[in-house]
Structures are given as C-alpha cells and as structure tokens.
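J.: Quick one: this structure, given as structure tokens, is what I'll be asking you about.
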Amino acid sequence: MDNRGLRPIPPGLVPNLPPGVVPGVQDIPPEVMPEIQRPSIPLLPKPPAMRKPPSKRGPPALQKRGNVLDWQVKDEEAATVKRDEDGGKEAKTVISWRGAMIEAEQGTELQSTAHGKEGTVADAEDSASLKPVKAVDRVEAVREAFRHAWNGYKAFAWGHDELKPLSKTHGEWFGLGLTLIDALDTMWILGLKDEFAEARKWVETELLFSKNVDVNLFESTIRILGGLLSTYHLTGDTLFLDKAQDIGSRLMPAFKTPSKIPYSDVNIGKGTAHPPRWTTDSTVAEVTSIQLEFRELSRLTKDPQYQNAVEEVTRQVHRLEGKRDGLVPMFINTNSGKFTRRGAFTLGARADSYYEYLLKQWLQGGKKETELLEDYLQAIEGVRKNLLRQTSPSKLTFVGELSNGRLNPKMDHLVCFLPGTLALGAHNGLPADHMELALQLMETCHQMYAQMETGLSPEIAHFNLQSNNGRDIDVKPADRHNLLRPETVESLFYMYRFTKDSKYRDWGWDILQSFNKYTRVPSGGYTSIGNVRDPLNPAPRDKMESFFLGETLKYLFLLFSDDNELISLDKYVFNTEAHPLPIWPSTS
C-alpha cells in the first residue's frame, strides 16, 4: 500500500482475489497533483452497532445473490410473484449486480469488480491491462437505472412531486409534479422518447400553476422554471416556453419587498409572497441563485421585468458590507437588504450556489459582466485564505466553515460542486491554480464515498486536522444519511470533460454501483438511506428526491458518454439543478 493512489477495497466487495492482487488501481501521475501526498487511506472502522453477516441470507433460492438487503429481497419476491400471477409474460431471469436486482438481458457486465473492471483478475503485473467496462455499457446502465426509477414514479407517484418507493406511494411538496418536470430534459438527453412523450402529455393537459399553494421561490425557479426553459431549448417545443413564462410571472410577487431582496415563499395562485413564519430573512444562496433562469426568461420573452428583478438583487449583494474576502454570510434581511448573522461563512448549505452563479452568469452573458467575475475571483481567494485546510495523515484538501473567526473542519457534500465549478472557470481562462485546487478537492469528494462501507458519501463529513487513529474523515451519527445527491458526480463530469482522465469515470461507476446495491428498490425507484456506514442496514428512508432524476443520473450519463457535443460546455451552462441553458449569442 505504499504505492501512490492505491485505496483499500471495502470488505466483501471483491471475491476471491489471488494473493498480491489489488483491483481498481488508479495511478495518479505526480505531476497531476503535486501538492497531495497520500499514503493508503484506511476504511473507517465499522460503527459499534454493526452486525456480523451470516454466511447465507434468505431462502435457498436467494442464497446465491450475494449480500442483498432484506428489504430489497422482500420486495423482489413480491414482484416476482405478481409477474407469475400475470401468466409469466413478464418473467425474466433476475441476477444480482452487486446486490441489486436487475434483469439479465439489460446487458450489464456481470463480471465487474467493485471498481468497474471486467474480466478475471490476473497477476498483479497484469493489473494495468485490466480494461474498464466499455463506455457504451455504462451509458446503458444509466439508462436502465433511469427507467427503473421512472417506472417506480409512474406506477406509484405519477403527477405528484416525489416517489416514496418503499411504501409505493407519493410525497407532495408543491403539488406540481416536481419529479416529472425535473426529469424532462434528462429523458431527452438520454434518448428516452416514449417516456418523454408521456411526460409531455401530462405537462400539456395536467400541469396548472393557478393552484392556491405556497412554493419556495428558489426551489421552484431552479427545478420548474429551469427545467421548462431547458426542455424548450432542447426540443424547440413552445409548450415548455409558455409554461415557463406562466410560472415565472407567478413568482414575481416575491420581489415586492421594501429592499427588493425577494421573500422566500410565493403563493402562485393568489399572487402573494411572504418570508418564513420564523424570520424576515432570506437565504443568500436562494436569492442569488435564480438569476440564470430569470435572465433567460427575459431574453426569450423580450420582457425585461424578470431580468431587472434578479439583477437588482445581484447589484445589491455586490456592494453590501459584511463580506470577508469575498465570502458572504448565509442570511440577508428582506426589509433592510443587509446581511444578518454575519459571523458564519460556508460554501455549503445556504451559501453554496451564490459562488456557482457568479461564474455561470458571467459565462451566460458572454464574459462581459466584469463585476460578476471580480466577485467570483475574490471569493475563491477568500476560500483559500480562510477555509482551505488539509487533513492528517493523508493531506486531503477540504473546505471548512468559519464561525466567529474559528474554523470548523466540516464540509457538506453540497460543497462537492466546487471542483467542477473551478474546472469550468479554468477552462474559460481563469487562473491555472483553480484547476490545481479542483484536482485536490475532487480527490477529497471521492474519498467521502470510498471510505464509507456502502461506498456512498454522508451528507456531512468532519475532517481531522491532527492524526486521529490514522483516519482523515469522521461522520457523526446525525450526518450519516445519503439523499442521492448529485454534486460529486456533477464535478466528475466536468473533470472528465476537461482532463479526459478515465479515473473520474471509474469513480462515477463505483458510485452508480453503490446506488444500485444499497438504494435501489426492486419494485421501482431508488431511496435515500439513513446510514452510509452500515451496509447490512443502510436504513432506507423511503424517499426519492426529484434531483436524482434531474441531476444525478443526468450527470452520470454525460460522464460516461463519449459525445462531447452532447450539451457542449462551450455552448451551455447548467443551472444548479443541472438544467442546461444556452450561453447567449454575442448579439444578445
């Protein structure tokens, strides 16, 4: 384990290896990441509650499936019985793919190891000749995962906001079909024409925004407005532009505040808006991460009110006092227009996409708005100066949080958007050291997955600045959940597009396989889980967030696709919900 780049494999994932063989070696040339010197990084020790797995699980017919989770087995048995009752027409040979129930004819490589290598493992000297699973197989695996998730949504939650896959019902947030709208452009990009046609018909006949319902301005902008605008651009179908203008106009009352900093909530039926019950503050990330969408809506409709409203917010935040080296606090008051609770600075929840949208608005507008670029560059330097640290013993670079002058070595999974954003900036001519930082942070985000027993990242990781039993990452019990979030695979997509380093595809493949093993529900859909540290009982939470279809699977598909012109990063910017919007022509 003295070799650079090796990482241990979680126990039980790779069977019967000959002595001395290490699968999945990712050789990282020294010149790529000169500042990181990583000895082997041990897997986190199992939590005390872990049970020793029995040698065989389930009835004899299921014993060859490997470590299939009990709730997955039970659901699959029920599904199999139903198919048999229907006359066997749907009966298929079901195989275990790292524990997930998948029909054999989907073409997944059955010999893959935990690190996406195919074929039998040879001697250590031959490990370099092990070929990754073909890109076409990985692309098909993402399509299959999407269809599986979509079929669950269609069967149990059609037209509703979210699927609850274990209880086979739905959850409602706004009552606007969030999952369906979020997934529209994903289906188009994946080439799923039949599924897209069904969803389009629902949008045409069932989607109404005249409901007496409160919606969150930010969430409805990035998911609904962004999804409709993106789908309009990809398809040219004016149905989606008409719907986008409808929801956009209904969100405008949010900006009717004393400061013109928008309220967080809007009743789209009544045309009224208000802050949350407990505060008059809005979240900085929310009011500064709606600009891409509203600016584009103005460009398409030639109605300037949308762009004027969001750019007034941008101008105010640009000149506000209370920043620290370009870093912004998490809250802003809708009455005074000033930052509140100024002592805390983070790139995680409540601030994250502010930084992302500085760069992306600059790109969207053709690199003309220099104030956006200046704020972005200053903020990245603020990150370096105030938040950047390295762990012990492995020197993983991470972005901590500042609270009243003290650094908290804590990083949300949300922060894993940053490697991709930094790489996007470097691709567009920003300093080369942005790319160096992206490489380092990408490794850290990868380790947040690789060091967990399930191969899935926790929602929040704590990092050790002093050596603590040889571990770099700790996870607190309240932070062990995984919500099927996209940020790491988002950054893997950017990193692969710009470097063509195949390890980023391999890391994404590992993540997809872990999703299939620990979160896939046989009757349809995927579920968030409550404990990434316990592979025997990951504690499924019975919820599939809309962003799993809107973002996570879309970025995985684009990561594995060999078509660089499929959503070219020189022609599109992705909003923070992974909906691609066009970079404006120079005449705009």
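Each Cβ is built from the backbone N, Cα and C atoms, and glycine gets one as well.
The feature region 'Disordered' is assigned by TrEMBL to 1-20, 38-66. As annotated by TrEMBL, compositional bias 'Pro residues' applies to 8-20, 42-51. If you look up TrEMBL, you'll see Glu219, Glu459 marked as active site, proton donor. Feature annotation from TrEMBL assigns active site to Asp352, Glu487. If you look up TrEMBL, you'll see Cys416-Cys445 marked as disulfide bond. Sequence annotations record features per position, and here TrEMBL assigns Ca(2+) binding site to Thr576.
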J.: Does Glu487 (active site) have same-chain partners at least 6 apart in sequence with Cβ under 8 Å from its own Cβ, and which are they?
T.: His413, Leu414, Val415, Cys416, Phe417, Cys445
J.: Nearest to Glu219 (active site, proton donor) in three-dimensional space, by Cα, is which of the recorded positions Asp352, Glu459, Thr576?
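T.: The answer is Thr576.
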J.: Do me a favour and check the Cα-Cα span between the residue listed as 'Ca(2+) binding site' and Glu459 (active site, proton donor); whole Å is fine.
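T.: Answer for this pair: 18 Å between alpha carbons.
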J.: Long-range neighbours only, meaning 6 or more apart in sequence with Cβ under 8 Å: which ones does Glu459 (active site, proton donor) have?
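T.: Long-range Cβ contacts: Asp412, His413, Asp479, Arg480, His481, Asn482, Leu483, Arg485.
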J.: Counting other Cβ atoms within 10 Å, pick out the least crowded of the active-site residues Glu219, Asp352.
T.: Glu219
